[in-house]
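First the structure, in the form of structure tokens, and then the observations on it.
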């Protein structure tokens with residue numbers, strides 16, 4: 001009873017804090033709060049409080065259930081929300097690169113945790129005895145690595161999607177013109193020609209407009225570079241987690257079912273997801289095709305992760321259907 005009350009308290013604390021952080025962060029898009037010293041640092045600390053709240057929630061559930069809390073959909077979603085908090089903390093303590101990961105990690109954490117605690121999963125929060133197939137020391141290693149991999153890959157893919165949105169918005173309708181580079185050069189030459197033939201007063205105004213336009217484009221360029229920087233590194237980390245998770249799952253499957261690979265629906269989609277992100281990493285090694293192309297591949301991977309994560313759960317089929325919507 002005490003553990004159940006403590007779990008509810010920690011759930012409400014973590015959910016409330018991340019909700020407040022998300023609300024305030026998006027308010028900063030409408031109101032300029034840059035002058036408030038330490039404001040954004042306080043938002044980051046809010047995510048850290050959420051991290052400790054979810055950590056306490058997982059440990060509490062681990063203690064009174066007697067097993068690692070990754071046996072059903074509710075627990076895996078809470079763990080996934082915890083993974084997003086970790087990603088945010090890693091970027092927070094890395095002061096060398098400015099980033100905007102809280103715009104990705106905070107909404108992801110609140111939506112995932114909100115879905116986990118919603119009425120759709122009202123039967124899931126009750127911890128139950130593990131089925132025989134899950135009573136193994138491989139449960140902690142395999143499932144935790146897979147969900148950490150999902151979290152990192154989802155975060156990196158969302159950054160790639162943001163990169164695509166900013167890039168296409170920057171280019172605009174002229175993106176598909178073949179002579180876009182020529183038009184750009186002509187516009188630049190024309191702008192500087194005008195500077196020589198207008199009076200001094202108008203010249204100053206025009207120079208200010210050009211400076212403002214250049215600063216705006218330079219900021220977008222920096223933002224795109226930051227998104228690409230963090231997307232590549234987070235996806236690389238997630239790919240490592242996913243690879244080790246699949247390998248540990250193969251060893252566990254051999255001990256449980258007598259075969260390393262059974263082409264179960266979950267295994268098949270995990271392999272497809274792994275292949276897509278392997279292609280992404282391969283594209284990043286080629287300077288001629290990386291950039292938008294790699295971001296498009298990561299966007300496809302974003303959809304595949306959700307198919308891999310929820311596909312078996314929604315259908316309730318295969319060897320990985322434990323804790324699904326249809327299973328009891």
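Cβ coordinates are placed from backbone N, Cα and C, and glycine is handled just like the others.
Annotated transmembrane segment per Swiss-Prot: 13-33 (among others), in sequence order.
The transmembrane segment feature in Swiss-Prot is assigned to 46-66 (among others); the stated evidence is sequence analysis.
Per Swiss-Prot, transmembrane segment is recorded for 73-93 (among others), and the stated evidence type is sequence analysis.
The transmembrane segment annotation in Swiss-Prot covers 101-121 (among others).
Here Swiss-Prot flags 146-166 (among others) as transmembrane segment.
The transmembrane segment annotation in Swiss-Prot covers 234-254 (among others), and the record cites sequence analysis as its basis.
For 263-283 (among others), the entry in Swiss-Prot reads transmembrane segment.
Feature annotation from Swiss-Prot assigns transmembrane segment to 295-315 (among others).
Tertiary neighbourhood of the transmembrane segment (46-66): same-chain residues 3-4, 6-7, 10-11, 13-14, 17-18, 20-21, 75, 78-79, 81-82, 85-86, 88-89, 92, 102, 105-106, 109, 113, 127, selected by CB-CB distance under 8 Å and a gap of 6+ residues from either end. Panel annotation: around the transmembrane segment (295-315), residues 73, 150, 153-154, 156-158, 160-161, 163-164, 167, 228, 231, 235, 265-266, 269-270, 272-273, 276-277, 279-280, 283, 321, 323-326 of the same chain, lying at least six beyond its termini, place a Cβ under 8 Å from a Cβ of the stretch.
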